[in-house]
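The structure appears right after this line, and notes come after that.
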């Protein structure tokens, strides 16, 4: 998931303090999730149905979640929601445990096309919760969407000082790497450097970086073109801002937020029950409608309104997904990306 607003940070920190005192209690479950990622009343519904009380705390980046799990090694959390390549990183480091899918009676509701991704083959360690993509956002009132077909178009001089980029090193570099014909998951220092040099050429066109909610600058009229998350664009359209999503010919950037059980979780059985609850069609529908991002749950998608379920910006066709690329862990190369990214922003 991508970072949203920061107004829940203090609440998340308070809940974190409670979770540090995690008791070995099968009637209590400690759930650490992204902000604004669970509909109001949903966890209370789970408690009513199962008798398991959920202590809920939130984070706004994978880095924060990862650091907390590294810090609290006594089993502070029972369920977490890492994104794409963090699933890969955490399973390789032994931070999350294998999931007994035989206890997930609702697992069959998931779209087979959303399973068995490179970051977790066979979904041994993670269960899809929400997915999304980064593509090109276009304010149709200001820019003809048909005039933009590729990431490369963002480099045109006519867009000087008018673009928005997400404030995410991997995403920004993945865009440039795809433009150059490389994998967005490359670990080759020369290819990453080439992307950095390509991005330096783009900087005169960049007006802002935003990963709190990249639709906001479009809605405020600050930008009319740039990177966008498809769910963020959908929410903006619902609010009246005409943001079109263009799937670049070089391919979109796909990510998934998945449910995972920490290796030292104290209430594994409770975590499995909550995962199974969240896989229920009626529940997954609530989640998708609340946060505005696509659900990987086919049974839930059938319950959505046709307007939403058939929206190709939310649910692109198989060819569009195949042409894109899922983010994966790049290991030690992540520091190379971050170093170049900071240089890029400092040199604006």
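Each residue, glycine too, has its Cβ placed from N, Cα and C.
Spermidine binds 36, 85, 168, 169, 170, 171 as Swiss-Prot records it, and from the list 327, 342 the residue named for this site is 327. When Cβ atoms from all protein chains are considered, those within 10 Å of residue 85 (spermidine binding site) total 22, not counting its own.
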